[in-house]
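Feature annotation from Swiss-Prot assigns active site, proton acceptor to Y151; the stated evidence is similarity to another entry. Positions annotated as NAD(+) binding site by Swiss-Prot: 10-34. Under the heading substrate binding site, Swiss-Prot lists S138, citing similarity to another entry as support.
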Amino acid sequence: MFDWTGKNVVYVGSFSGIGWQMMMQLMQKDIKMMGIMHRMENVEMMKKLQAINPSVKVVFMQMNLMGKMSIDQAMKKMGQMMGHIDVMINGEGVLLDKDVETTMGMNLTGMIHSTMMAMPYMDKTQMGMGGMVVNMSSVYGLEPAHAFAVYAAAMHGILGFTRSMGDKMIYQKTGVMFMAMCPGLTNSEMMMNLRDNVTWHHSESMVEAIESAKRQMPEEAAMQMIHAMEMMKNGSMWIVNMGQLKEVMPTMHWQM
């Protein structure tokens, strides 16, 4: 089981949804420091987070996932402030299929840049002590989604990156493990205005099915994701659907 005592946690994402619920629950652990990284600060939510556990130092760092220089500068400041990073959770996610650049940038390339910029503060051969990176994907990273093809492409990319970084050789050298979370349909801001954010107009059947389907609450999904993290399975992928946790066992189609 993962020991949260004295850990420095970095969360990249908004002040809502599953990722934010994870932060609120992690504040109840005996962590040392919580760093929130997003393009805009929500002062009231930061105060609410701090109030959960006054003994944890909570800080905010402005960062634009669409800008590599912004990511570089912000992550360096956060790493220097913390000294080292133990846990990094990439929880940002947008569903804007008509805007390909933003969908890929916020969901995938920004996540890759932020992870790689954080690695010097996690890698035990550099300034880190080892740790854990958790990347938020989706069940649409495992299956196709004809209504949201660009979003699905980004989610598939997250899993490819996470599994590759979760290689045993990388872990043995860096001490950093990687995991991916694939939530099912969840009550969140992302689920609003689905019809305005489809890839193209031939998507009515899928949108209607999603709109009428049952959804899990962000807090129950967050609880299960933290449980998965505590199992410390490097390179693993987890479906979190309707408050239930299930590990994904990938099929190998090719081997060198």
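Note that Cβ sites are derived from N, Cα and C of the backbone, with glycine treated the same way.
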Around L26 (NAD(+) binding site), which residues of its chain at least 6 apart sit with Cβ under 8 Å of its Cβ? W4, V9, M34, I226
Hey, does DSSP put V10 (NAD(+) binding site) in a helix, a strand, or just coil? strand
Of S14, S138, which of the binding-site residues has the most Cβ neighbours inside 10 Å? S138
Show which residues of the chain containing I18 (NAD(+) binding site), separated from it by at least 6 in sequence, have their CB under 8 Å from its CB. G91, M136, M181, P183, T186, S188, P218, A221, A222, M225
Among the recorded positions M22, D30, Y151, whose Cβ has the fewest other Cβ atoms within 10 Å? D30
V10 (NAD(+) binding site) has how many other Cβ neighbours within 10 Å of its own Cβ? 27
As a whole number of Å, the Cα atom of D30 (NAD(+) binding site) is distant from the Cα atom of the residue listed as 'substrate binding site' by 29
I'd like the number of other C-beta atoms within 10 A of the C-beta of M34 (NAD(+) binding site), please. 26
Which three-state DSSP class does M34 (NAD(+) binding site) fall into? strand
Conformational class of S138 (substrate binding site) under the three-state DSSP mapping: coil
